[in-house]
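K.L.:
Below you will find the structure I want to go over with you.
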Amino acid sequence: FSNTYRMIEQDDFDIHTRLHTIVRGEDEAAMVESVGLALVKLPDVLNRLKPDIMIVHGDRFDALALATSAALMNIRILHIEGGEVSGTIDDSIRHAITKLAHYHVCCTRSAEQHLIAMCEDHDRILLAGCPSYDKLLSAKNKDYMSIIRMWLGEDVKTRDYIVALQHPVTTDIKHSIKMFELTLDALISFNKRTLVLFPNVDAGSKEMVRVMRKKGIEHHPNFRAVKHVPFDQFIQLVAHAGCMIGNSSCGVREVGAFGTPVINLGTRQTGRETGENVLHVRDADTQDKILHALQLQFGKQYPCSKIYGDGNAVPRILKFLKSIDLKEPLQKKFCFPPVKDNISQDIDHILETQSALAVDLGGTNLRVAIVSMKGEIVKKYTQLNPKTYEDRLALILKMCVEAASEAVNVNCRILGVGISTGGRVNPREGIVLHSTKLIQEWSSVDLRTPVSDALHLPVWVDNDGNCAALAERKFGHGKGIENFVTLITGTGIGGGIVHQHELIHGSSFCAAELGHIVVSLDGPECLCGSQGCIEAYASGIALQREAKKLHDDDLLLVEGMSMKEEEIVSAAHLIQAAKLGNKKAESILRTAGTALGLGVVNILHTVNPSLVILSGVLANHYVNAVKDVINRQALSSVKTVDVVVSNLADPALLGAASLVLDYTTRRIY
């Protein structure tokens, strides 16, 4: 509606030429005439401008005229936001511009793959993210209430209003008008303050405006109908809305940056990648369906989604532009099948490694690392784990923010955050349900929400034993193995079970608490309150307890050993004493190994894995004892199981990283 160019003027750009090309009529013929009018006027403008590169954005019909003119006049074209899929004529226009363009800047990994499948040269494709996300993720307007009141009234509160933006579907105009009528009826019934933006100028928009006026939307007390909202203000309006409804691409793209609930109506955005904040109503053919969707979505708050960008698109695009050699041949080349096997980013000037931010919450230390797709720990940060909930959460956020900032400097793109923590975890909600005694004040803790809000990244959380199993599945001995078990032998005893390539969590997220398998009815007391658990015999804490008893009775130290007066007795001293011939220390370690072995036999008889992986600092001391117990005690059908020691240095961090890397690079977890 003739407003967008004013925003360009406000940004202090010198506009060389203004062309009026939109033919009024808002029908299919008017769209064709608009393209034709632009094609008539553009050659003269381009002859005067003589641009080195024409930047064409998006998939509108006027952009097609630009790309066609530039291609026929031998001007290089850089197309932004190609490769995406939606449900209207925009798809055809977008892909047509792709075939005319020489260089491509896309927003998502799927879009990049689509461009490659369309035979575009991979070396001329940049996966940058959506430029608008640079603005969205840095939008912090403390005075957003004044913007909300200006557009919606003085009495409106945050999360208590709706933004509605619906356009005609040019391939099914009649149905889209009917759907708009049903949407307005549902909004009237829902009885919430609503900002309604006029539709765009595509064919069918004139009829949609008639529907608005027929229903009195412009004069209804609950509605504010507007033709244009400045982008900076629109950001604040959707960021603090209780819901957005309609079929605009901004609903499935930009609004995800804020976690605002979205109701996507009809087929206009079919094929678009969306975050979990989007509820699709494909067949919006009744008022009740739309009303029910409003009741489900209104007022919710979802994790922020960064499917379409991480806030660094513009710097990447600038690097890409600077790398273009204007002396190279203009003739466009197509890369016909077979498509390259390796479709990862390989542009020399912007080498970025897909990576995860991994967090390991241990009993003593809090560690954060940047982990690459190949399992390389690019950078690691370690701090003592604070004793209180407030201090611990504050430190997690601080370390994650610092690591995410540093990732740019080491050319790593963070896809998400994975958190490994002790205790029972609900991975679906990202909540620590119950903690171990080693981590205080750590029960009923929502970790996903604060970390996601702070970093604008998706967040996954799981138990440290499960993470160790995931690390083995992706980077270790478990790679390609259908059924295996990982046992962590450290301060405590934990583990994870992978069955048919999937991690088992159990009905109450208590599966694979392997340290609490009971191997003796009258054994030593465990930290869980029971007796005779594997952990009460074989954990680092159990060995330290036995070492202290020997030391108190002057039975620990043997020839070749010495301890400083202030030195704390540990499991390491017991192991050293056993190596130097201390019979009592040997007996304790033998008992611990037997207890662990009996636990493994129980596991073999229960889930029948083909592989058992011992992980942690005590694994090497136990592996032979476990094999001996299996040979003596196990059924013959499971004695052939392989028992190996993990070769991973940091299974907790690697497992936390695999939560992210497996999911974001295609949905294994």
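Each Cβ is built from the backbone N, Cα and C atoms, and glycine gets one as well.
Annotations per TrEMBL:
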type	residues	note
DOMAIN	4-322	domain 'UDP-N-acetylglucosamine 2-epimerase'
BINDING	ARG424, THR436, ASP464, GLU513, HIS516, GLU535	N-acyl-D-mannosamine binding site
ACT_SITE	ASP464	active site
BINDING	HIS516, CYS526, CYS528, CYS533	Zn(2+) binding site
K.L.:
Here the binding-site residues are CYS526, CYS528, CYS533; which one has the lowest number of other Cβ atoms no more than 10 Å from its Cβ?
P.N.:
CYS528
K.L.:
Out of CYS526, CYS528, CYS533, which of these binding-site residues is nearest ARG424 (N-acyl-D-mannosamine binding site) by C-alpha distance?
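P.N.:
Considering only the listed binding-site residues, the nearest one is CYS528.
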K.L.:
Any idea what the Cα distance is from CYS533 (Zn(2+) binding site) over to ASP464 (N-acyl-D-mannosamine binding site), rounded to a whole Å?
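P.N.:
Pair distance, Cα basis, whole Å: 19 Å.
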K.L.:
Could you say which of the binding-site residues ASP464, GLU513 has its Cβ with the most other Cβ atoms inside 10 Å?
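P.N.:
Most Cβ neighbours within 10 Å: ASP464.
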K.L.:
Could you name the residues, excluding ARG424, THR436, ASP464, GLU513, HIS516, GLU535, of the same chain that surround the N-acyl-D-mannosamine site, i.e. Cβ within 8 Å of the Cβ centre of those residues, in sequence order?
P.N.:
GLY422, GLY423, ASN463, GLY465, GLY492, ILE493, GLY494, GLY515, CYS528
K.L.:
Taking the Cβ of GLU535 (N-acyl-D-mannosamine binding site) as the reference point, list residues of the same chain whose Cβ is under 8 angstroms away and which are at least six residues distant in sequence.
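P.N.:
In sequence order, the residues whose Cβ lies under 8 Å from that of GLU535 (N-acyl-D-mannosamine binding site) (at least 6 apart) are GLY492, ILE493, GLY515, HIS516, CYS526, LEU527, CYS528, ILE541, ALA542.
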K.L.:
What other residues of this chain sit with their CB within 8 A of the center of the CB atoms of HIS516, CYS526, CYS528, CYS533, the recorded Zn(2+) site?
P.N.:
GLY515, VAL518, LEU527, GLY529, SER530, ILE534, GLU535, ALA536
K.L.:
Write out the long-range same-chain contacts of THR436 (N-acyl-D-mannosamine binding site), meaning residues 6 or more apart in sequence whose Cβ is under 8 Å from its Cβ.
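P.N.:
Same-chain residues close to THR436 (N-acyl-D-mannosamine binding site) (Cβ under 8 Å, separated by 6 or more) are GLY363, GLY422, GLY423, GLY492, LEU527.
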K.L.:
Mean pLDDT, the domain 'UDP-N-acetylglucosamine 2-epimerase' (4-322)?
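P.N.:
Mean per-residue confidence for the domain 'UDP-N-acetylglucosamine 2-epimerase' (4-322): 90 out of 100.
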